[in-house]
Amino acid sequence: MSEQAQAKRKVQIGDKLRGADKVRTIPMVNEETGYQRKPDWIRVRVPANGEIQRIKSLLRKQKLHTVCEEAACPNLPECFGGGTATFMIMGDICTRRCAFCDVGFGRPNALDAQEPLHLAESVENLGLNYVVITSVDRDDLADGGAEHFAECIRQVRALTPETRIEILTPDFRPCLDTAVEILAETAPDVFNHNIETVPELYKHIRPGARYQHSLDLLKRYKALRPDVSTKSGIMVGLGETFEQVINTIKDLRTHDVDMITIGQYLQPSKHHAPVDRFVHPDEFREYARVANELGFTSVASGPMVRSSYHADLQHKGVDVGLYKP
């Protein structure tokens, strides 16, 4: 099948597009790029893979997915090697085509009603004290999947009530009010939604989302559940300026976000948005200094920091980036 014919072919339920097929319609300057050489401060530790294979085997048995695998997270060896994982619910097919993300795009399958129970059983079997639950975007669902999130929270609390739960949600367009009310009623310990990048880059990097909508989601949730910590994350190295990042940090704080993560964007494939630059550790320290001065309760800022990286320590206020107050 020719490339033109592939582009015109209707995506069927269950189809998952990745790489060039996924990002073909995104208005990017470069549709295909090479990779920049990584600087010395970008390092990924690779431990023995016995624990990694054990966790993967358990997840496949329970028909579960992790964002660690689907999004090609560079910290997968460290997190899996330490016996932790971020679970990705509602399948592995996303209804959005973000230029930075390696999760597949397409028409998702129906929700698995047994997934919340399987997730809770895996949390119990892995002995997790802290679990992060995230998802693909599900624009095909009336509530964006909020009730499925809530059922996952209920099932985990039923089996392991001592486990702390963080949810990393999509933006719930266009069902913000419904989703927020559902998740305010069945609340996690941390409500996380990533702003991802500065507003000036949304058209090219996050074309299916709206910057102000994401800010409104975070503020609305905090208004309904002031007892629950709110959290958001920013990627840098996509072409933004220092001043734009500072403004985004300030926007998050003025929208009542408590915790923030700032990390280096790494290109998942040659078809994704290219790395504009590798941000020096000193710049991450400056972002952290500003964030601390603005009053965030937890700041994680460093090249390898990701939203879910050592999320348990972030929740406790432990520094997992570069900045030392």
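Even glycines carry a Cβ here, placed using N, Cα and C.
Here's what Swiss-Prot has on this protein:
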BINDING   Cys68, Cys73, Cys79, Ser308  [4Fe-4S] cluster 1 binding site
BINDING   Cys94, Cys98, Cys101  [4Fe-4S] cluster 2 binding site
DOMAIN    80-297  domain 'Radical SAM core'
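Here Ser308 ([4Fe-4S] cluster 1 binding site) is positioned 19 angstrom away from Cys98 ([4Fe-4S] cluster 2 binding site), judged by their C-alpha atoms. The 10 Å shell around the Cβ of Cys94 ([4Fe-4S] cluster 2 binding site) contains 26 further Cβ atoms across the protein chains shown. Taking the Cα atom of each, Cys94 ([4Fe-4S] cluster 2 binding site) and Ser308 ([4Fe-4S] cluster 1 binding site) are about 19 angstrom apart.
The predicted model assigns the domain 'Radical SAM core' (80-297) a mean pLDDT of 93. Cys101 ([4Fe-4S] cluster 2 binding site) sits 15 Å from Ser308 ([4Fe-4S] cluster 1 binding site), counting Cα to Cα.
Of all the Cβ atoms in the protein chains shown, 24 others lie within 10 Å of the Cβ of Cys101 ([4Fe-4S] cluster 2 binding site). According to its DSSP assignment, Ser308 ([4Fe-4S] cluster 1 binding site) is coil.
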